[in-house]
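Q: So TrEMBL lists these for the protein:
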DOMAIN    A:30-68  domain 'RING-type'
REGION    A:128-176  region 'Disordered'
COMPBIAS  A:143-159  compositional bias 'Polar residues'
COMPBIAS  A:161-175  compositional bias 'Acidic residues'
DOMAIN    A:179-206  domain 'UBZ4-type'
REGION    A:204-239  region 'Disordered'
COMPBIAS  A:212-233  compositional bias 'Polar residues'
DOMAIN    A:246-280  domain 'SAP'
REGION    A:306-328  region 'Disordered'
COMPBIAS  A:319-328  compositional bias 'Polar residues'
REGION    A:353-507  region 'Disordered'
COMPBIAS  A:360-371  compositional bias 'Basic and acidic residues'
COMPBIAS  A:372-401  compositional bias 'Polar residues'
COMPBIAS  A:433-446  compositional bias 'Polar residues'
COMPBIAS  A:485-494  compositional bias 'Basic and acidic residues'
Amino acid sequence: MDRNFELPDPSDWHDTSLSKLERLDNALRCQVCKDFFDTPMITSCSHTFCSLCIRRCFASDGKCPACRASDQDSKLRRNWAVQELVDAFKEARPTTLKLARQAESGQAERSMSRKALKRKLEDTDIEDEHHENIARRSKVRTTRSQTKRANATATSSQEVIDLDTAPESDQDYQPDDGLVACPICNKRMKEEAVFQHLERCDEEMEEEKNGKVQSRSTTKKPSTSLDPQSNQHARPPPARISQLNYSLLNETQLRKKIKESGIPNWGPRQLLQRRHIEWVNLWNSNCDSSKPRSKRELLQELDTWERSQGGNAPGGFNPSGTVSTSSVMRKDFDGAGWAKNNQNQFSQLIAEARKKRNKPPSEEEKKDVRHSNINGDVTSRTPDNSHSLQPSLFESSQLSPSLVPADKSFSDSSIDPARPYENNGVALASIRSKVTNINDQSSQSRDPPHSELPSSSQRSRGKSPTVLPKELASPPSRKIPMFRVPEEPLKDLDGAGTGTSESSLMG
Amino acid sequence: MSSSAVASKRLFHEYRTLTNDPPEGITAGPVNEDDLFLWEALIQGPEGTPFEGGLFPAELKFPKDYPLAPPKMKFTCDIWHPNVYPSGDVCISILHPPGDDPNHYEHASERWSPIQSVEKILISVMSMLAEPNDESPANVDAARMWRERRSEYEKIVRENVRKGLGL
């Protein structure tokens, strides 16, 4: 994906002839994600956010981000009016912006007839919709109804308006009513309703034949499904699920519950809990959506989460604040940078090790110790992080894959999560090469006299002083009496905070 | 959309807004556009304070679950201030999540919330430079000096400003 892609932003209106639209643009955005509202929900304190954003906020601290009033997700209500505003604005935005950017001649404004606007829209589709369509089309299992849904996306905002005036039970062909026909029985209904209707379509036709349709509750009539609100009562979408009372469950029970909900149940307890919270948020916000997605798509989202913040996260999000071990396994792991950043610590460890020994061990001896440690670590980690390597192939950059979750996720859905390395020669090879790299680096970083250490210790003597003193850094240092050793490194420890590698440890 | 995509997108939005419409005396942006989770910022010393004329570089690190959790901010220059740790880490209520308040002095309304932004953080830090909060000193020595020997405090600050400008 292009790094410099245009992300619609309120500041787009800056310095155009319609700069006052900046406020409108801003007002139609969720203040949590700064994007246009996606399935806006209103809190009991009357603030509106995207469904997923506010659910994540509530899961994190149970407070409204705007006014900090305590609230809970069960009290959220949909805000259809805002949804319509957003849909309409998004539709008109590209053309309006283009016009606003052009010279402010009256000519340009007059040409903005409704027709021109509509035609433009087809060309300059809004990005999000575009991705949605791609994601839908590229699904492995595409039903006819889903294709229709994707095609109908562009007109979805119209439908909502048309719904109230839609005829009760319309069997006639009406191409412009914004509804779609059931591929089996040809009944026309709102696109969202088709998917649910499909499951019961056969059943209903059967009943109709048997004349039983009258005795069935009215909820089965397709006409009622035309109204979004009554649709909710009539045929509720997949029911919302609630958070578990995590503290009451032991790990085995939690693992079992999580397995029952159909999401991966590997990893330590804390990860299980976080994963389940994320899943509940994804699931429930999908229930709120007027265009709900399939469970499969939600699972893909969860997988993306896993790779950015969960158990397969690349070297960042870890409750303990340390770099997660899986990052070392990544293909693009910056070994040299790691060695450099941790040079201070390495040097300290070396100094300490030397202090403990009256006589320093031979170079060979130490190398062996270190090698066996590293090898042991790597092999013991491998099973725990069985997912980490594979996804890293898609994460060579932070931004692009995360902005296109759909693309990314379906492309690796073919991999058997249980044994990601099988038949994967590349991965195996890279593991091996990494092990040798690490070994090389560790021997380099212990072999400082010729290159980095002396120079860096000179350069930053005042500023980041935990660098090994010169005497220690060079091999002859071992002949220096040991009582001289402790002074400098110990004295300098206080100032360690100025070194960048320490920053994460300092509150 | 995964959370981290939300974080990247949101950071991108903030970056755009700060570039197109920067507040006075503040410049900020990602160090490298490949990694939106590490920013650098330049803050001008507020006028009428001993920090006047100074230019203070800082580093902002964003968590993957931003904006649920606040970023960490750290000055990368010498700065003598009651609310800045000797390491450069900034201690200010807007950077503290509402959940933990070990000191019980901060109002929840001043703390981090997902609707806060980089811009608001930097503006708060700018006003913090002008008006230290000595209830919660991060640098106890600086706080005491600020309370008891204001002229000495101001002298150190001015010296640092000069040093920072390479004078």
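Please read every residue number as a count from 1 along the shown chain.
For all residues, glycine too, the Cβ spot is worked out from N, Cα and C.
All annotation found in TrEMBL is predicted automatically rather than curated by experts.
So that I understand the layout, could you describe where these features sit and how close they are to other parts?
A: Across the domain 'RING-type' (A:30-68), DSSP helix (H, G, I), strand (E, B) and coil residues number 11 helix, 8 strand, 20 coil.
Each residue in the domain 'SAP' (A:246-280) gets a DSSP state, and the totals come to 25 helix, 0 strand, 10 coil.
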Q: Averaged over the whole of the domain 'UBZ4-type' (A:179-206), what is the pLDDT?
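A: Summing pLDDT over the domain 'UBZ4-type' (A:179-206) and dividing by its length gives 66.
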